[in-house]
């Protein structure tokens, strides 16, 4: 940044469109510096302290990776303001408290990983939060709710698909027994009625087939 002072005493600021970098022992000049950052990756840098609330001012941020550091404290509530965010990784830190409910309102958030922290409470129930696999939330002894199996009411949450499958099987069994009972009842009644008619009355066609009763002469 370069600043100049004019004759009237006011100061004006200008920014260079390049920067000198030294990367792996090599000197290079990076031109066309971006003034709008869309991705930040601070992973694996042993950073300490709390994540500042000012992180929520980066509303154009698309990807944020703070994994494998030593961040502590709560997840900033201001992260709900990152309306363009698509990927959020805060795994393997020392974060505590609950997951902000506002994160479930981030429409573009397709990936989130907060595993291996010290988070607790119920996971916000929203498509963006519960869509990822349970591995994205594991390693937090106090977390509960979907997609984890631990219920917030002290019991394990049964797998949804398995539960539906078992219910369908039970319904099928009930329907099969109802069908058997429905067919069995009228069938027995009809059979008994025919037997009674034959026993009490012999129609002509039946007499012709089996013949009239004849007494044997002794």
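The backbone N, Cα and C atoms fix where each Cβ goes, glycine too.
Record features (Swiss-Prot):
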- 59-82: repeat 'LRR 2' (REPEAT)
- 65: N-linked glycosylation site (CARBOHYD)
- 108-131: repeat 'LRR 4' (REPEAT)
- 113: N-linked glycosylation site (CARBOHYD)
- 200-218: topological domain 'Cytoplasmic' (TOPO_DOM)
Q.
Is it possible to get the count of other C-beta atoms within 10 angstroms of the C-beta of residue 65 (N-linked glycosylation site)?
A. 18
Q: Take the topological domain 'Cytoplasmic' (200-218) and average the pLDDT across it for me.
A: 47
Q) What's the CA to CA span in angstrom from residue 113 (N-linked glycosylation site) over to residue 65 (N-linked glycosylation site)? A) 9
Q.
Can you break down the repeat 'LRR 2' (59-82) into helix, strand and coil residue counts using DSSP?
A. 5 helix, 7 strand, 12 coil
**Q.** Contacting positions for the repeat 'LRR 4' (108-131) when only residues 6+ beyond its ends and CB under 8 Å are counted
**A.** 62, 67, 75, 83-101, 137-148, 152
(Q) With every protein chain in view, what's the tally of Cβ atoms within 10 Å of the Cβ of residue 113 (N-linked glycosylation site), excluding that atom itself? (A) 19
